[in-house]
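Peer 1: Let me give you the structure first, and then I'll get to my questions.
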Amino acid sequence: MAGQSDSHLSLFSPEEVEFMAEDELVEIVPNLRMDSLNFICGDYGPFYPQIATQVPFWLAVALKKRGKCTIRPPQWMSIENLTQVLEGERDSHAFQPLPFHYVEISRLLFDHAREDIPDIYMVRSLVEDIRDVRFHKVETNLEKFTASTVTWKNMSAMEVNIIRAFSGRALQAFYKHENEQVMPDTDRTQDRQPQIPTIRPKRNLKPR
């Protein structure tokens, strides 16, 4: 697995999970004045030069491609915070708190707003290290998976997507196995029961 999702094992492809993450809000700084934009999902704006505002990622990327804004990386992507998260991931079996779509958000920013991220190479390296450590924990947890220990917290969308299909099939197998042990096989039970001979009433024979 090593830090990436296998489309054969997960319910959604990485591209589909990223598509869902594009509805997350991000802060942009417009470089021009523009009226509000009206969409089915909501209204955003008006926009004023150098005044930050929040928009969905898909809109931020569209404006960025047209040179109409810069994108501000979220606070959790600072080098100081990522370093603390990485140390916590390495020192604990638990998952450290991160945004549910941290993998997809970071990838979108690396792909479309490289120049807006200070020390991008260090940030990218830390995010990849965090992702690899967390995915290793996912593999370890799957190896120890039992029906009574489904208590994983702070997992991201990509990590949940990987284990969802596996855990669903595993739980079904556990419950089926337990039911077979609790509920006896009726056919075999009947075969094991002693056969009681049928006693037929005697007929009185008429004298000849």
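Cβ coordinates come from backbone N, Cα and C, glycine included.
Predicted automatically and left uncurated, TrEMBL annotations should be read as such.
These numbers come from a predicted model, not from an experiment.
Here TrEMBL flags 179-191 as compositional bias 'Basic and acidic residues'. The feature domain 'DNA replication complex GINS protein PSF2 N-terminal' is assigned by TrEMBL to 13-71. Taken from TrEMBL, the feature domain 'GINS subunit' applies to 76-169. TrEMBL lists 179-208 with the feature region 'Disordered'.
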Peer 1: Using DSSP, what's the helix, strand and coil tally for the domain 'GINS subunit' (76-169)?
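Peer 2: DSSP composition of the domain 'GINS subunit' (76-169): 66 helix, 0 strand, 28 coil.
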Peer 1: Can you break down the domain 'DNA replication complex GINS protein PSF2 N-terminal' (13-71) into helix, strand and coil residue counts using DSSP?
Peer 2: 17 helix, 21 strand, 21 coil
Peer 1: How does the model score the domain 'DNA replication complex GINS protein PSF2 N-terminal' (13-71) in terms of mean pLDDT?
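Peer 2: Within the domain 'DNA replication complex GINS protein PSF2 N-terminal' (13-71), the model's average pLDDT equals 94.
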